[in-house]
C-alpha cells in the first residue's frame, strides 16, 4: 500500500469481522461544477453504501487538512483497499479554486456490532460485494435477501429525508439548510460567502497575518468571484477588535474601532434634482454611483491593525484568481437573473465569452484580465493609484460618460472615517458595532428591547417569536431616522443616541403587548423607510484574539451596471440608498429629509457588523454580520437569539428566519416553519407570508468562541453557498 499523500488521513489495513452494515450519507461537494452531470448545480448528492463481510464499504467524512498537516485520525481499512482513495485533487492551475474532493456527512441507519467500532473514514471507496462462494448462500435465498435489503434501503432513505427536515430533493443547494458546515480551530477562523475566499484568508493567517490582513485579502477575493455584490468600486463598514495585550508583546490595550468607508455623493444638488425627476437614475448609470470607499477603508485598517504580511501579499491571490477563475453557484444564479448582461458587449465578453455556452454555468472558466491588472497596480503602488492616479481619471471619465457629474477632486478628497466603535451590552457581554449611517445603533436598540425579556434563560416558544417580531417593528421605525451624522444637527444626534440607550429600550419593551400586534402607526415611524440591497459580509478571528467584522457592498446586483473597460472596476449604485425628495409611499409617509443627497454625504445603510466580548471583556466571544439589505439586522439578531437558546453557530445560521420591517405590514416566515408557532402568530394578528429559503437573502457569517475548550467555531450561510475555514 502506498503511503497516503500529505494532508490526508493515515490508514491501516485490517480485517473486518463478517457482518452487514448500512449507512446513508449526503455527499457535499465544495465545487458543484466538479461533480458529474447528475449532481451538476447542486452542492450534494445522495448515496447509499452496503458492506458485507470483509468487503464492508465505508462512507467517509472528510477530515483532510488543507494546511498540509495530517489530521488526527487512524482508520482501520478492509484488506485490499487502495490508498489512492486518499489522494488530493487540487486544481493544478489555480491553488485558490475550490478543491474537487467531496465533503461528506453520514447517518448510521443500521449498524451491526461488526462495524460499530470503525470510525467513519475520509473518502468514499468502491462498493464491492463478496462472491457467491464466499457468501455461502443459495441463489434463491440470496434473491430474497437482496429484496429485503432493497426495501430497507428505500425506507431508510425516506426516514433520512424526513429526519433531515429538508425537501424531498436529494440535491443540496442554497435553498436547503445545511448545518453541518461548522468548522473549528484554535488559531483562526475566516467565514465568508465563498470557500475560495475563506481559504485565502486562512492562508494569510498561517503566514503570520493578522485578522485585519486576512479580512482584507478575503474581501478582495469576494470582489473578484462575486463581483455582483462587492468590489473596489463599492464601500462599507468594518469593526476591528485588537488582540488583548496578554497575547501580543509590546502593545497597549486599544479600544475597538469602526471604519466607515461608505460611498459619498459627488454633487448633492444636481443628483437630488435628477432623482426626483427620474428615480431609476439612482439605480443604473453614472448618476447611481457614489465615490468608492473600499480601498480607503482597507488602507486605514491595514495601517492601524494589519502589517503581519505585506500589502502586496494581500492582493496576490485575488490577482491570480481574476486572471482565470470558475463561476461559483452564487455568480451562476445572479447571471441567470440579469439577462441585460447578454446584450451589453462589454459585459458579455467577460461573463459570456465565446468559448462558453449561452449561460456560463457553475464550473466554467471566465477571466477578468483588466481587473487583475488594476489590483496589481494597487498592490504595487498603493491606494494613491486609485484616488489620485490614472485609475481615478479613468473612473471619472467613465462615470461622466454614463451621465454622472463627477470631478477628479471628488476622488482626491475621499477619506475613510476611523472612530471608536459604538458599544453597549447584551446579557452582560459588551457589544461593539459601527455608528450611523450604518444600522449598528438600530441593532443595539433591538437587542436592548429583547434583553428585557431574558430570552436566553427561557425555552424557544411562539411567544418569544412574537416578542422578537414586535421588537423588530419598533427597530424599523427607528431605522427611518438613520442618516450621515456629519449632516445632522445636535438635536437629531441626541435623538439617535437616545434611541439606542438602555432606558429607551426598556420604555419600548413596556409598550409591547404579548397578546396582539398593531397597525404600523402604533410604532411611530417618522419617515418612509428606503430599502437597500445586496452586500457581502465576512467575519475573522486570529490566534492572538483579534477580530474583524466587515460588510461591504456595491448595492444592487452588479452595482450601477457600469463597468470601466480600462480598469475592469464595477461601479456601485449606492446613491439609490438616499431618499428621494418630495416622494411619499402608499402609507403617506414621506421620505426622510435626513437622508436626502448632499455633496459629500454618505447614504443610510442597513449594514451592522458586530463583535461581542466575553463577559470578562477580555476575550472576543462572537463575530457576526450579514448581507441582504433591509434583512441584515433582523438576521443578526435572530441568529443571536438562536445561540442564546443553545444552538451552535451553524445551526443558528441555518434555521428558518422571521422578518418584519414594519412597512409593508407583512411578517415573512421562512419554510419550514413550525406550524404551532405559525398558528399562534396568526392568532395575534400577524399578516403572515410563508417564503422559501431565498438564495442570497440575509446571508450571515458568524464565529463563536467556546470558553470551555478555547476553540473558535465558525460557519458561513448556505443561502449563498458559503463555507468557512479554520485551523
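Keep in mind that glycine also has a Cβ here, set from the backbone N, Cα and C atoms.
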Ask   = Which candidate from 286, 629, 638 does TrEMBL annotate alongside 262, 553, 554, 555, 577, 605, 606 at the L-glutamate binding site?
value = 629
Key: transmembrane segment according to TrEMBL, located in which of 122-142, 143-163, 164-184   = 143-163
Request  = Count the other Cβ atoms sitting within 10 Å of the Cβ of residue 629 (L-glutamate binding site), across every protein chain shown.
outcome  = 21
Query = How big is the gap, in Å, between the Cα of residue 554 (L-glutamate binding site) and that of residue 535 (active site, nucleophile), rounded to a whole number?
reply = 7
Query = Which number gives the other C-beta atoms within 10 angstroms of the C-beta of residue 262 (L-glutamate binding site), all protein chains shown included?
reply = 30
Remark   = Using a 10 Å radius on the Cβ of residue 535 (active site, nucleophile), the other Cβ atoms enclosed count 25
Ask   = Which state, by DSSP, holds residue 262 (L-glutamate binding site): helix, strand or coil?
value = coil
Ask   = Can you tell me how far the Cα of residue 606 (L-glutamate binding site) sits from the Cα of residue 535 (active site, nucleophile), in Å?
value = 10
Inquiry  = If the L-glutamate binders are 262, 553, 554, 555, 577, 605, 606, 629 per the record, what's the largest distance between their Cα atoms, in Å?
reply    = 14
Query = Within 8 Å of the Cβ centre of 262, 553, 554, 555, 577, 605, 606, 629, which other residues of the chain have their Cβ, at the recorded L-glutamate site?
reply = 236, 532, 533, 534, 535, 574, 603, 607
